[in-house]
């Protein structure tokens with residue numbers, strides 16, 4: 001058994017080998033490997049399946065009580081400075097290994113069909129394998145230095161995959177935006193790592209927390225400096241997990257292929273930030289101010305993402321802001337000390353969001369032949385509608401993911417989100433109020449997406465007035481039905497259900513979306529009063545107060561407010577965007593007749609639409625204040641450098657040149673001239689002395 005645990009590094013090694021093999025093939029045998037393009041996906045999927053099976057084995061060993069395993073290779077670089085490379089296998093690691101590998105396998109199977117006709121098919125699988133290997137290496141890392149190495153690899157792979165279609169200007173700009181934004185966070189992360197090494201003398205996670213606690217107990221730590229280091233370190237997860245104010249890269253990342261959007265938003269890049277905060281949780285707990293910053297950052301991010309998602313027209317960007325909001329929930333949970341709830345929501349959200357993104361990919365794939373291949377058309381929900389009758393399996397799986405994300409029992413996210421809502425309310429009512437309000441907004445915008453995409457009539461052939469169509473407001477049919485459009489009967493193209501290869505991952509991901517939440521159900525046995533997930537995670541950190549665990553019926557009773565507000569959001573979405581039943585039409589006509597109400601609704605809807613369209617004006621503020629401000633500052637610096645600094649230097653040179661040119665005529669080689677000049681100067685000197 002010990003020999004098996006010593007080979008945990010095989011888990012990231014297999015996808016890394018797949019990436020290396022495909023990369024070598026593309027570099028040395030580009031023409032030959034393109035003839036066997038299907039073989040490249042088979043290699044990637046097969047190697048990742050091996051890694052997934054190993055991950056399940058290690059996960060099973062951990063939940064059955066096996067001890068935590070650490071294995072390190074050490075190098076003494078300079079005197080007492082030792083660099084250790086290895087792995088750490090504990091319950092948190094084992095859960096993340098299973099999460100990353102299972103989602104990545106489903107994404108790769110899906111990509112085999114989705115990307116089959118793309119010229120970069122093999123390159124895509126090469127990048128995808130490297131991306132997965134980087135994330136697996138990150139979760140296995142036992143220290144901050146190794147985390148930072150794989151952290152940068154994850155960032156590099158995201159840059160390559162977001163800009164995969166780099167010939168499209170929007171994709172090229174999006175990958176640069178993601179890269180630059182994450183550089184800000186990575187710089188802070190590096191400062192935090194170096195700062196904590198200065199304090200504790202260690203990069204190792206276990207030693208770091210232990211030494212920090214000892215120094216804190218003996219009052220040998222400057223708390224201001226330690227807090228500053230923790231905030232710098234937290235800046236890395238803020239950027240990587242798209243937290244306010246470094247969230248601006250996430251919606252632009254939708255320019256990449258849809259399968260990579262699913263992987264980024266479910267189990268890799270954005271999960272890396274949450275994972276690092278969870279790994280550093282024992283240390284952050286000793287700094288209350290930092291925990292407060294984490295919780296408020298999460299709450300603001302959750303609310304901001306939900307409000308921006310309210311009126312998005314782009315299907316993928318709506319889901320992207322949903323991811324931002326749910327990541328805010330996770331960060332909020334970790335900030336209030338609810339370690340288990342935050343990680344539980346990371347797990348449940350990953351499967352639900354992977355299902356939603358892959359479902360959106362199937363929708364986009366079927367819409368492209370009808371409306372065009374540009375994202376402004378194929379991803380625009382205004383051109384969708386009524387897809388349930390053409391894509392029933394995709395619609396059902398998408399509905400399951402939507403119900404889960406809304407927090408409707410018994411779907412997965414209900415159990416994790418409700419625990420976050422209750423714990424945040426008990427911790428601080430204002431945070432709880434923000435969390436509950438955001439839950440209602442989540443239900444509204446998710447069902448808005450579902451209704452606009454799958455319900456009603458198909459709008460893909462309404463091309464008479466594209467501009468008016470694209471300006472659909474938050475109030476849906478209240479204003480949308482005022483416009484009359486004619487069907488282009490010449491067109492015979494209609495959406496089609498995705499093929500079996502693309503449907504298989506959707507059906508498989510539906511299983512954890514429905515059932516994985518049950519691992520967090522609280523139950524009351526004679527020998528245990530905790531849930532399964534808490535029991536597993538307790539092996540690595542005892543951060544959950546079991547005395548506050550509720551019985552199952554009490555838990556369901558406390559869930560009534562969250563479920564009620566979710567249903568309220570769904571009802572509003574149904575009223576505004578749902579199928580137009582006869583009684584709803586009458587109510588909407590009555591509402592439109594009341595001019596005062598109509599004016600209020602229009603003004604409010606315009607505000608929400610502009611808030612969503614301009615992304616809460618944050619991108620515009622960054623563009624005006626930072627980009628334009630920096631360019632203006634550069635112009636000033638350039639002017640000073642060119643005309644003042646260079647002017648002084650060049651002026652001295654010019655003055656010396658002309659001075660030399662003038663004085664050279666004085667020197668003529670005649671002694672009488674020199675004598676006359678000396679006498680004349682002496683005369684002037686004596687005359688000046690006499691006058692003075």
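Using the three backbone atoms N, Cα and C, a Cβ is placed for every residue, glycine included.
Look at Swiss-Prot and you will find 9-29 (among others) tagged as transmembrane segment, backed by sequence analysis.
Here the transmembrane segment (39-59) has long-range neighbours at 4-5, 8, 10-12, 14-15, 17-19, 21-22, 25, 33, 89, 94-95, 97-98, 100-102, 104-105, 108-109, 111-112, 121-122, 125-126, 128-129, 132, 136, meaning same-chain residues at least 6 beyond its ends whose C-beta is under 8 angstroms from one of its own. Residues annotated as transmembrane segment in Swiss-Prot, with sequence analysis given as evidence: 39-59 (among others).
The transmembrane segment feature in Swiss-Prot is assigned to 120-140 (among others).
Here Swiss-Prot flags 147-167 (among others) as transmembrane segment, drawing on sequence analysis.
If you look up Swiss-Prot, you'll see 219-239 (among others) marked as transmembrane segment, on the strength of sequence analysis. Tertiary proximity for the transmembrane segment (219-239) is limited to same-chain residues at least six positions away from its ends with a CB under 8 Å from its CB atoms, namely 151, 181-182, 184-189, 191-193, 195-196, 198-199, 212, 246, 249, 272-274, 276-277, 280, 283-284, 287, 289-290, 293-294, 297, 331.
Tertiary proximity for the transmembrane segment (258-278) is limited to same-chain residues at least six positions away from its ends with a CB under 8 Å from its CB atoms, namely 92, 96, 99-100, 103-104, 107-108, 110-111, 114-115, 128, 131-132, 134-135, 138-139, 147, 151, 154-155, 158, 161-162, 164, 234, 236-243, 250, 284, 294, 316, 319-320, 323, 327, 330-331, 334, 339, 342-343, 346, 349-351, 353-354, 357-358, 360-361, 364-365. For 258-278 (among others), the entry in Swiss-Prot reads transmembrane segment, with the evidence type sequence analysis.
Annotation comment: Swiss-Prot describes 289-309 (among others) as transmembrane segment, evidence class sequence analysis. Proximity of distant same-chain residues to the transmembrane segment (289-309), defined by a Cβ-Cβ separation under 8 Å and at least 6 residues beyond the stretch ends, is recorded for 227, 230-231, 234, 238, 242-244, 247, 277, 318, 321-337, 424, 427-428, 431, 434-435, 437-438, 441-442, 445, 608, 611-612, 615-616.
According to Swiss-Prot, the transmembrane segment annotation covers 327-347 (among others). If one looks beyond the transmembrane segment (327-347) by at least 6 residues along the same chain, the residues whose Cβ comes under 8 Å of a Cβ in the stretch are 92, 95, 99, 237, 241-244, 270-271, 273-275, 277-278, 281, 284-285, 291-305, 413, 415-417, 419-420, 423-424, 427-428, 431, 435, 438, 516, 520, 533-534, 537, 541, 543-544.
For 425-445 (among others), the entry in Swiss-Prot reads transmembrane segment, with the evidence type sequence analysis. Same-chain neighbours of the transmembrane segment (425-445): 295-296, 299, 302-303, 306-307, 309-310, 312, 318, 322, 325-326, 328-329, 332, 336-338, 405-407, 417, 561-562, 565-570, 572-573, counting only residues six or more beyond its ends whose CB sits under 8 Å from a CB of the stretch.
The feature transmembrane segment is assigned by Swiss-Prot to 503-523 (among others), with sequence analysis given as support.
Per Swiss-Prot, transmembrane segment is recorded for 643-663 (among others).
Swiss-Prot lists 671-691 (among others) with the feature transmembrane segment.
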